[in-house]
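**Student:** As listed in TrEMBL for this protein:
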type	residues	note
BINDING	Cys39, Cys53, Cys56, Cys62	[4Fe-4S] cluster 1 binding site
BINDING	Gly92, Lys93, Gly94, Gly95, Val96, Gly97, Lys98, Ser99	ATP binding site
BINDING	Cys315, Cys318	[4Fe-4S] cluster 2 binding site
Amino acid sequence: MLAVQQPPSTPAVTSTALAGDSIARALPDQVPENAPAHCPGTESEQAGKADACAGCPNQDACASAPKGPDPDLPLIKQRMSRIKHKILIMSGKGGVGKSTFTAQLGWAFSSRFSGHFDVAEDEKHTEETTQKEENEQGEAEKQVAIMDIDICGPSIPTILGLAGQSIHSTSQGWSPVYVSDNLCAMSIGFLLPSASSAVIWRGPKKNGLIKQFLKDVDWTAGLEEDQEDQVSIRNDSTSTPSHLIDYMLIDTPPGTSDEHLSIVSYLKESGITGAILLTTPQEVSLQDVRKEISFCRKMNVPILGIVENMAGFVCPSCTGYSEIFHPSTGGAKALCQELELNFLGSIPLDPRIGKSCDLGISFTDEYPDSPATTAYLKVIERVRTLVD
């Protein structure tokens, strides 16, 4: 008879067991220790009223607690007012490449806009493109921030080459971790005791951490005074306050769950530039993207467009093309035509994309001749054109 091998124990983050006692204490505990399994949290409008509250010893106290506007929302609005564009990267389906795309978008946006990823539609170096490159060479570097709100499956630290890094707490708040002078990131992955630690949290605990990322992270912590001056100069002199961060890319988990509701709600006052939806060509993925589209429309989140990822395989040796996921219903392009959305482009598979993610390096910089790089840069340029 075969014996069942018990897996080695790994630390699980069930409450606020994050790295560093001072940081752990900073995360508010919205769920009492003796709360039922589906407690909505003490700050929820459903506190003491939800079905899950029946029989809870805290039900009367939660139901009678004074309710009013969230006092943290003005603080979030103030912090987020320094960020020009806030872009959500979303998909109803997991494993379609959201985190990889977010990282590539961040690397590209943080590069000097000197024609590095200006790819003309007809791939000809026209006079107009040349003039555009010359104009952009004089632009200051864009400041880019990546916020990873995939609480249970943070991938951004590894993909950006920041695995093992930790954050610091200052009088101004938490400091994000920097990839380069003008690209930073914040993720729960920087707070966990180890990369194998599981995060076992209910919705209110996740919402609390997302609020911390928005309210208490000093996203401009790495900007030197001269950088702030350069950013202020290129912003409209009439804007108050000036935008110190040009792009914030928010990597979300799959589905339409607590994290999505929280980020949209918290950013309502400061505004969301839009959402980029990722899918793979097959119908099983498109079905979930339709749900994400419905979510965005119900929550009044602008949809910048849809990206079709893993659209075939191009051999890096012979450049031969093979179809991996069959677009039985026409793929993302047909979906965009049906729902009148922007089709941002298709990105083929390249085995070196996964390798780059494991090594924490920019795929488009490392493999500029890959057909996937060409596709990536076309998509990224379309996104840049839409938001700017």
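Cβ coordinates come from backbone N, Cα and C, glycine included.
Whatever TrEMBL says is automated annotation, not expert-curated.
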**Student:** I'm trying to understand the geometry here, so how far is the Cα atom of Cys53 ([4Fe-4S] cluster 1 binding site) from the Cα atom of Lys93 (ATP binding site), in Å to the nearest whole number?
**Tutor:** 31
**Student:** Whole-number answer please: how many Å between the C-alpha atoms of Lys93 (ATP binding site) and Cys315 ([4Fe-4S] cluster 2 binding site)?
**Tutor:** 26
**Student:** Return one of helix, strand or coil for Ser99 (ATP binding site), based on DSSP.
**Tutor:** helix
**Student:** Say we define neighbours as other CB atoms within 10 Å of the CB. Which of the binding-site residues Cys315, Cys318 has the fewest?
**Tutor:** Cys318
**Student:** Which residues does Val96 (ATP binding site) neighbour through Cβ under 8 Å, counting only same-chain ones at least six apart?
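**Tutor:** The list for Val96 (ATP binding site) reads Pro254, Leu278, Thr279, Thr280, Ser285, Asn309, Met310, given in order along the sequence.
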**Student:** Could you give the Cα-Cα distance between Cys318 ([4Fe-4S] cluster 2 binding site) and Gly94 (ATP binding site), in whole Å?
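**Tutor:** With distance taken Cα to Cα, Gly94 (ATP binding site) is 31 Å from Cys318 ([4Fe-4S] cluster 2 binding site).
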**Student:** So of all those binding-site residues, Cys39, Cys56, Cys62, Cys315, which one's Cα sits nearest to Lys98 (ATP binding site)?
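**Tutor:** Nearest candidate: Cys315.
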